[in-house]
Amino acid sequence: MVADVLLTHFNQLFCLNDPGHPLTGQEMKKATIVEDGYIAIKDGLIVALGSGEPDAELVGPQTIMRSYKGKIATPGIIDCHTHLVYGGSREHEFAKKLAGVSYLDILAQGGGILSTVRATRSASFDNLYQKSKRLLDYMLLHGVTTVEAKSGYGLDWETEKRQLDVVAALEKDHPIDLVSTFMAAHAIPEEYKGNPKAYLDVIIKDMLPVVKEENLAEFCDIFCEKNVFTADESRYLLSKAKEMGFKLRIHADEIASIGGVDVAAELSAVSAEHLMMITNDGIAKLIGAGVIGNLLPATTFSLMEDTYAPARKMIDAGMAITLSTDSNPGSCPTANMQFVMQLGCFMLRLTPIEVLNAVTINAAYSVNRQERVGSLTVGKEADIAIFDAPNIDYLFYFFATNLIHQVYKKGQLTVDRGRIL
């Protein structure tokens, strides 16, 4: 077979054999590092991988040849938890955070999520589209090729749908692949204050059926937290969403452990997000139910908290984990997955291989894209992040700097030395 594109002489390729399930426990520690590696691409797919000189049959007169001595390649990075589409920003809350005002106290003062809800409700489709596109551009420039994007800053149908429509438009227009999550249950809107059940009924009866009918989202999510939605309320919504055919995610055990992990396990959610306050019993329940733990260390960093999710304990117990940005205007205003990956080493005490497995193959399972992306595997799409680093460890050792040299998306050179092509 003659390749369209042949990428050769990488110092290292980060490869693994996809076992057909998210990596857990000791599997997280394993990968194949191919020295002097090459990748052959045809019709946007990986058709060959190896070490040394490529087979002669891969090279034809039209084959584009590129050498990458001194560089490493990984699968395109996957950010599987973002709040991509929103209006406004919340830098005015930064001084309060520095003064020690808690996230929940800011929310109680009318700030936090509700502040962004007001800004998002007043924002036009074009405003939201352009703002979200800028964030996606930034992510792409840092090696991200697939992004999960939640609604949740409307808390009314008109605005929630506008957010979902923006995600759908960007999925068509932007090189990054987007996976849509419906999260109208991100907070209790002011007009339903004191009556969350009534709001959930509106979501179930009036919103979810339209989202499903118009194929606006693949997943449904809810914020199960103290002063937001209880475990029973979360179970009520997610069970109805599951009956309608949605895959499930849940924000759980971020600030307090109030039963969100139990809901995730009972309903076989694909992932439970945050988990800073998870208990040993909660870890065991998620393992038993096969729920992926989606950890968001940049949120803990941004909130200046001391309690990070117990990633080391989770992996050693046999749990599958991912790492994501939680990109949002309040608790985590970043879109830099390289920073998140480095926090995975510095703050969660994970190894570079564990982090890379978390943000590639496990993240692909978290967004139900494992058949297409998440590993450098023959037959999968050629989503490739190429770093200006001599080896895998350097990517974490030399921190707080964008080390992306190039990005390939579906076999097309999409980012080249700081420029989107």
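The first residue you see is number 1, and the count goes up from there.
Keep in mind that glycine also has a Cβ here, set from the backbone N, Cα and C atoms.
As the structure is a computational prediction, the values presented were derived from the model and not from experiment.
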| If Swiss-Prot says H81, H83, H251 bind Zn(2+), which of D4, D165, D173, D326 does it name for the same site? | D326
| Need a hand: Swiss-Prot gives N328, G330 for N-formimidoyl-L-glutamate, which of Y68, Y129, Y138, Y153 is also on that list? | Y153
| note | According to Swiss-Prot, R90, Y153, E254, S331 bind 4-imidazolone-5-propanoate, and the residue from H142, H174, H186 that belongs to that same site is H186
| If you skip the near sequence neighbours and keep only those at least six away, which residues in the chain come within under 8 angstroms of H83 (Fe(3+) binding site), Cβ to Cβ? | A149, K150, G152, Y153, H186, D326, S327, N328, P329
| Other residues, Cβ within 8 Å of Y153, N328, G330 Cβ centroid (N-formimidoyl-L-glutamate site) | H83, Y86, R90, G112, I113, T116, G152, P329, S331
| Distant-in-sequence Cβ neighbours of G330 (N-formimidoyl-L-glutamate binding site), under 8 Å, six or more positions away | R90, E93, Y103, I106, G111, G112, I113, S115, T116
| said: So the record assigns Y153, N328, G330 to N-formimidoyl-L-glutamate. If I measure every Cα pair among those residues, what is the longest distance in angstrom, as a whole number? | reply: 12
| note | Same-chain residues at least 6 positions away from H251 (Fe(3+) binding site) with a Cβ under 8 Å from its Cβ, in sequence order, are D221, I222, F223, C224, E225, G260, E273, H274
